[in-house]
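Trainee: Sharing a structure below in structure tokens format, with a few things to ask.
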Amino acid sequence: MAAQLLFTDEEVTEFKRRFKNKDTDKSKSITAEELGEFFKSTGKSYTDKQIDKMISDVDTDESGTIDFSEMLMGIAEQMVKWTWKEEHYTKAFDDMDKDGNGSLSPQELREALSASKPPMKRKKIKAIIQKADANKDGKIDREEFMKLIKSC
């Protein structure tokens with residue numbers, strides 16, 4: 001299975017364990033009902049329509065259920081999407097880092113966020129800096145920026 005090449009043996013074993021936990025009727029596939037119950041157990045709730053969409057997005061054999069290989073492929077696709085987003089956010093950081101020193105000064109951040117429509121107010125920008133500036137150096141480095149983006 002092609003998706004397995006993207007994961008370590010330990011990751012595949014963990015995914016199998018989780019898959020088996022979701023497959024409450026032991027049919028080797030996850031139904032919409034099982035997926036819904038799983039999400040409820042994690043404190044998340046989705047409509048039947050949302051769950052059906054999740055299944056149809058990865059149900060390559062159109063069985064109406066998700067087997068292990070389909071689940072693994074779905075996870076792989078999400079990882080690829082996140083990688084693209086991370087590259088996109090890295091480029092955004094580089095574009096805002098006008099002096100190229102690897103961190104965003106309050107001025108660089110203000111310039112970037114003030115150009116947004118509608119422009120962001122100084123008070124909001126200051127709050128963003130305070131939230132993101134983990135090492136309290138008054139700037140946002142690449143790692144802090146990525147953590148901020150992922151928390152949104």
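Sequential numbering from 1, following the chain as shown.
For all residues, glycine too, the Cβ spot is worked out from N, Cα and C.
Reproduced below are the annotations present in Swiss-Prot:
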DOMAIN    10-45  domain 'EF-hand 1'
BINDING   D23, D25, S27, S29, E34  Ca(2+) 1 binding site
DOMAIN    46-81  domain 'EF-hand 2'
BINDING   D59, D61, S63, T65, E70  Ca(2+) 2 binding site
DOMAIN    84-119  domain 'EF-hand 3'
REGION    95-121  region 'Disordered'
BINDING   D97, D99, N101, S103, E108  Ca(2+) 3 binding site
DOMAIN    120-152  domain 'EF-hand 4'
BINDING   D133, N135, D137, K139, E144  Ca(2+) 4 binding site
Trainee: Cβ neighbours within 10 Å, counted over all protein chains: which one of the binding-site residues D97, D99, D137 has the most?
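Mentor: Neighbour-count leader: D97.
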Trainee: Which chain neighbours of the Ca(2+) 3 site, leaving out D97, D99, N101, S103, E108, have a Cβ atom within 8 Å of the mean position of the site's Cβ atoms?
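Mentor: Same chain, not in D97, D99, N101, S103, E108, Cβ within 8 Å: M96, K98, G100, G102, L104, S105, K139.
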Trainee: Might you list, by sequence position, any residue in that chain lying six or more from E70 (Ca(2+) 2 binding site) with a Cβ less than 8 Å away from its Cβ?
Mentor: V58, D59, T60, D61
Trainee: Out of D61, E144, give me whichever of these binding-site residues has the highest number of other Cβ atoms within 10 Å.
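Mentor: Output for this query is E144.
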Trainee: Residues of the same chain, at least six outside the domain 'EF-hand 4' (120-152), with any C-beta under 8 angstroms of its C-beta?
Mentor: 86, 89-90, 93, 102-106, 109-110, 113-114
Trainee: List the residues in the vicinity of the Ca(2+) 1 site, defined as same-chain residues other than D23, D25, S27, S29, E34 with C-beta within 8 angstroms of the site's C-beta centre.
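Mentor: Going along the sequence, the neighbours appear as K22, T24, K26, K28, I30, T31, T65.
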Trainee: Per DSSP, what is the residue tally for the domain 'EF-hand 3' (84-119) in helix, strand and coil?
Mentor: 22 helix, 2 strand, 12 coil
Trainee: Find the shortest Cα-Cα separation between E34 (Ca(2+) 1 binding site) and the binding-site residues D97, D99, N135, K139, E144, and name the residue that gives it.
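Mentor: Closest candidate to E34 (Ca(2+) 1 binding site), judged by Cα separation, is E144.
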Trainee: Far apart in sequence but close in space: which same-chain residues, 6 or more away, have a Cβ under 8 Å from S27 (Ca(2+) 1 binding site)?
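Mentor: Set apart from S27 (Ca(2+) 1 binding site) by at least 6 residues yet with Cβ under 8 Å, we have T65.
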Trainee: Consider the binding-site residues S29, S63, N135, D137, K139 and say which one has the Cα lying nearest the Cα of D99 (Ca(2+) 3 binding site).
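Mentor: The answer is K139.
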Trainee: So how many other Cβ atoms are close to D133 (Ca(2+) 4 binding site), meaning within 10 Å of its Cβ?
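Mentor: Excluding its own Cβ, D133 (Ca(2+) 4 binding site) sees 18 Cβ atoms within 10 Å.
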Trainee: Can you check which residues sit near N135 (Ca(2+) 4 binding site), meaning Cβ under 8 Å from its Cβ, same chain, 6 or more apart in sequence, and list them in order?
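Mentor: Long-range Cβ contacts: D141, E144.
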